[in-house]
């Protein structure tokens, strides 16, 4: 049986030739992402913004009457700027409302709001099924935001430290930079398309970091190996060689994960869509960053073939001199 | 490479089979096949976001506990000073800024007063509950120590958790989870509950019942303006009563609290036929209730629930039997709810719902079904790709992947962890890591063969060289997982737990198990060439 080989043997693609333009593009994208995050803002779900989200299915109807709902819900007292979106199937919606400031500390308030909204909908659509209600107070959502940021930062710093210890400091910086790139672009993507940003998406970003890190470490491991093997090879060439040698693995792993993710993306439950979409996006960003962000930075940070050779100490040198060696 | 001692093989298979056995109940229940009752049944708990149900996070205000404590201290201090022989006279009592302060009238009483107060200050435990200072010779200042305040919050939360548990049990829902979280929070999770309103109404009610004498000297104009006469307090009437919007002045001290109830039932008043709640006191409460009513026949007393007046009937005759009726424009349902709340006891502190998540059970079941089918399709595609690319080694890899999923489920079931939506992201990452490990190994074997190494040396080198990157990647992810668990909140923790367990199972299956199989095959057939 002939086996499938996705990547021909002994490829010699000059990946790093384009490192400068790609770097410029990536750094610009990172800046643009943060610009979007700060100007457009992320479309925080109730997890991070506080407030209420009601998910409903209009049983027996083809499509959910979004425009009509917007009117019905906006007409209610105390409801300002409700966000009403289709969610999952054609006949499913999510209705998000912020709780007014006076609701803080009044436990019944959120409850009354749910009842008011569902009752208003049921007047016109008695068959509506309420699939879920999330309500998060401002205090708790603030804690979620804070904890998510701390958790992400702590994990990224620890990762960089470990890689520094196992490789060299340049590699630690490179991995951290690649991760920052992945996280930035994912955030930028969510800001640009104003997709709902919830705790689930944080979990997705963590999974993206995990994948990207796998890729980066595989490439770095090969670079480390080649640095020891080809002591005289110029670094750009050596990086190209390392990326080429691991290319078959990169393509195969990414493709395997993609075929596992696509059915979930197109057929999986609506509640998982945001999560899976973010991971799928991260698969591409993470693979790209391992090659184009994590590797070239080593050239500028000054990695060379002596990096993995134990340094000659003063004592060693004196001993050598004493033995009459150069 | 080929050396795999028998004891090591037995050991590896034992671990594998044990973990798979632990996974079986979960798989059976997911497939809706009944599991024999005689066997132990550790299944993976599905989070409410997957299985449907209600998750409610309740929070208490520590300030309220401190305020309550101050009020109790005032009452106790008044008690011991008045009961002292001879009586210690004092005045100018204030409870401002979280401190109780008062002046004893004669400086000669200072030492005696201090003596009387000491048992109150030291409390019953090991920690000092209050600080006592005497300033300006006769002024006593009692302030709460940090330890004492903290201790009071802990105790209040412990008993609040107990009360919440009793109330939820009274609802008759299946398998609720009630856990204290942090210093001032309680998590309540009730699977399968579709309508959380009743639950929230029940938990939002403190059910602090008080019987207090009406202050007949209070000026009606002051009461209407909300100004309390000295020694009195003003409470509004409860919504829905005939006097809604009006206020009532009652004596602040000397009433009875509803702590001494032994029972509460919804019933009907035989005369008016309206819904009421019948309550029964224990011996001590009955005695107090009898003496209060004896001394005040003909006067009205107020029945106050959570700071609102339910009703203020006249005491027609002393009530000695230890049972009484609470009326106050109830419906059968509200009377029943109050009865449940009273039976389970008052919450020592108000609880506020700060987070609520409800997922309809229909949606949960549908999500699982679609998720399962999607994962099935994905698995078939992964298997096809792996086998087409690596032949026999692809078969080993997918077998290892299958065992990995089972082991992960099994360990999660054994540790009684909960699988949530973010946990599924962790699952996906774990499977990704396992696939990647085998891809790395197999690609490396190909490479070694291309360089002209002989079969066994190529396989050996493949495992050895690939292991470095696999371990580095897994250790970094492990470190990240631990930190996410430490710093993250609920959903992030769910992800981290799956990630951490999954790293171990994926390395075990993708590296160790496949290596054992490959070694066995090589030893048996000694192939001259590899189709990889």
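Glycine is treated like the rest: Cβ placed from N, Cα and C.
Listed in TrEMBL for this protein:
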DOMAIN    B:157-215  domain 'Protein translocase subunit SecDF P1'
DOMAIN    B:243-349  domain 'SecDF P1 head subdomain'
DOMAIN    B:350-513  domain 'Protein export membrane protein SecD/SecF C-terminal'
TRANSMEM  B:371-388  transmembrane segment
TRANSMEM  B:395-415  transmembrane segment
TRANSMEM  B:421-441  transmembrane segment
TRANSMEM  B:469-488  transmembrane segment
TRANSMEM  B:494-518  transmembrane segment
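Within the chain carrying the transmembrane segment (B:421-441), a Cβ under 8 angstroms from the stretch's Cβ atoms is held by residues 47, 49-50, 371, 382, 386, 390, 393, 396-397, 400-401, 404-405, 408, 462-463, 466, 469-470, 473-474, 477, 491-492, 494-499, 502-503, 505-507, 509-511, 514, all 6 or more beyond its ends. Mean pLDDT, taken over the domain 'Protein translocase subunit SecDF P1' (B:157-215), works out to 82 on the 0 to 100 scale. Only residues 6 or more beyond the boundaries of the transmembrane segment (B:395-415), in the same chain, are considered here, and those with a CB under 8 A from a CB of the stretch are 16, 18-27, 42-44, 382-383, 386-387, 427, 430-431, 434-435, 438-439, 442, 497-498, 501-502, 505-506, 508-510, 513-514, 517-518.
Counting residue by residue with DSSP, the domain 'Protein translocase subunit SecDF P1' (B:157-215) contains 24 helix, 18 strand, 17 coil.
Helix first, then strand, then coil: DSSP counts for the domain 'SecDF P1 head subdomain' (B:243-349) stand at 28 helix, 41 strand, 38 coil.
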